[in-house]
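*Asks:* A single structure is presented below for examination.
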């Protein structure tokens, strides 16, 4: 059985397929998988040669066989996949001349599409495309699934989930790294491996992209971060071109020379990728023979990851930003109710800029659909930040839903010592991977002694073991209690922290700010307690990175404990103005500047400051009408006349936005006039992913007090209609960049005309002009952003 | 002002007007941020070219109908297909600034486009020298979407380059490249050093465009 041999004896994959098919006449751009039906003998022959060369595992010719690549093919995909499996079996019959056990691996390559939010392929659609092929492959008799050449962790996750949920076959997963050890989508070795281990693949590793020489250091990095069997399948060198043909020139002999180091380093499954031949494989099987895999140690790093980065929790203390949590935050509650994701995203960006390394995400409110909100928040946050997220919810459905679509290995907040909680959360962590926060409380509450909390930590660790969740994937929270209600409670927390560290060697986390509740000068108490907790062994503090006191404690602690090499972090932050200011901000003047001038010159800080000054004497509404709008008008007129250009117009808009947010804070809720502001829907139409134009229009409309409902990009006509009907919106703005998407703009207009005839439609975008706009039936063509503002004003003036 | 900055200014719609200091500051800052974030990658392949008549060309065995392309490749024997990208990180950066600072987002958008053009120009310069040694001359770059060269050809070009696997360059269902700051292009290779057929802006028939290159 494969699973019994895996990781014990070195197993041999086959080598390249594409290059050999090309030698047999396959043209560039032709789909090689069609050959399973049209050139069976050639395909079988290649497989047979590999078996004869000693391969234990031969891949089916299905690398690109998925519904997303075969949409228009005249051949049935199911036939292609089924034939592919049969060909390998047939080749095994022909090519294996002794009684050794060999395996047919269903080969799964990338879809060739980029997943949302980077591209337009939905995660679940990718999942379905993989699932379909995998079911066919299993039915046809494949022995394992090998997902390979993936350059995107997100697509890899969709494929692994499909393999594990839709089949009972072992899953091998390899990714394509560059010479710097990065995926094309930016992830490093550690984050990719953390995700794959979390998802529970049977073996993982690297293939394609590089030759054995360049792969060696990356292989070594993989081995140093994973406890699973490692697969290595290099190309026969880096690709070269001659007379228009791509070729690889590392000879079998040279190949084996480096592969020997890789086997000695602990590789469990080896083979070749592009440009390798049965000769390369034969040289390996003959040189290495049936060899035992070098024993690998269990790695005990506690790692969370996003698509771009990994954060290690038990190395140097990390900051988890606590701001995306509605508890006690009025503005965030409002944002959640209004589905104002921009606000949530900005909170994320701000915390990252302030130094957070992980973001906690809690969107639980009594009246909202938490599952939908959590999914959306996680997915949108991952489109603008590469920080790993901590999914924070008590709702198991919301938790699973978010863990499923999360790109990477998430942090999960939380499980407790209650049996019910552990029964709910651990299966999810086992399935999707993750580092889970274990709260030291159980059915009888929170123990008021350190020993009691340590005992519950032990219980959680033990229960996790039953699921195969190792200690490294737990972070224990010994709970911060309010010191004012029990003066001994801070001491208990610190003792418990030290205790769990000593007894279990597990990573730890604490929500810090709770300590000071009910006492004055909370910042000082929080910061001092934070320092004490760090000294007691705290690995991750869930704190407000906007609190200067807290960040000062954090940076000081690192500096004082030798964890800030050359004091770079500390000096960077506190060493005066030389650090990182230049290049970040556009030239600024200092000193006082009236609001109108600040807006016209596009000075954000000055505009906010001037607005604050004016608020001392006037109310918000009159400031807006007297200074803000007239300044914007002047800039807008200048833009029209050609004396002000787009960047200047937008700098003014950004400055006005800053002033506006200061003024809005000061407005009593009833005067805010939220309900009276005219609503405008903006969307980039279906199929279109370019949204800069729409975003520009949005900022300008908002400045002119329109309530913009931004539906984003790639928005289906039905979604736009639904929003227009639900919110009774009278004006919709649509943007499209290319001729290929004007059709969906036209379709959207047609739908709105039919179902919501009182709604006007304005359009804009690179591909459009007045003639085109007339042709597709738009009410207005905005040749630039200001034109849409004027049109919106005109429309609502009439109404 | 270097060429790249000049191009960014042009993309921002300044035409012949002088650019202001604030915008120039933003442009410089954007280029420096892009240099940290962009992961520039390129893939190319040389194919045999046939030009049976003046409205179709055959690249390898792929037939393309386009009068403009046929004119661009007139007299060439081979053609280089190429794809290049700044990578997905730039898109993340652009999305981020669209939320927090739209002026910077717009400027960075223009800078990214200029950066990509410069990257291609530099690559092409090296490639030109290399090919010159073998007696080949290069024609100007020509991309799907220019004139009557259909954007729908994007799909086959990406496939012939194996661009998804090699440099992570893919396209959406509506033929838009992802990551967004990417291009595909063709460069004809001929034995004669002809100057016929200009590239890019100069080839375009829309002469009243505000973004048109003034040189």
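Note: Cβ is positioned from N, Cα and C throughout, glycine not excepted.
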*Asks:* Given that TrEMBL lists A:273, A:274 as binding Zn(2+), which residue among A:208, A:552 does it place in the same site?
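*Replies:* Answer per TrEMBL: A:208.
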*Asks:* Here are some binding-site residues: A:208, A:273, A:274. Which one has the most Cβ atoms within 10 Å of its Cβ?
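*Replies:* Ranked by Cβ atoms within 10 Å, first place goes to A:273.
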*Asks:* By the criterion CB under 8 A from chain B, which of the binding-site residues A:208, A:273, A:274 would you report?
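*Replies:* Among the binding-site residues A:208, A:273, A:274, the ones whose Cβ sits under 8 Å from a Cβ of chain B are A:208.
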*Asks:* So what pLDDT does the domain 'Hcy-binding' (A:1-288) average out to?
*Replies:* 95
*Asks:* Would you list, in sequence order, the residues of this chain other than A:208, A:273, A:274 that have their CB within 8 A of the centroid of the site's CB atoms, where the site is the one recorded for Zn(2+)?
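*Replies:* What remains near the Cβ centre is A:16, A:149, A:176, A:207, A:209, A:233, A:234, A:235, A:272, A:275, A:276.
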*Asks:* Please list, for the domain 'B12-binding' (A:677-799), how many residues fall into helix, strand and coil according to DSSP.
*Replies:* 59 helix, 24 strand, 40 coil
*Asks:* Where DSSP helix means H, G or I and strand means E or B, what are the helix, strand and coil counts for the domain 'B12-binding N-terminal' (A:582-675)?
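*Replies:* Once the DSSP states are binned, the domain 'B12-binding N-terminal' (A:582-675) shows 66 helix, 0 strand, 28 coil.
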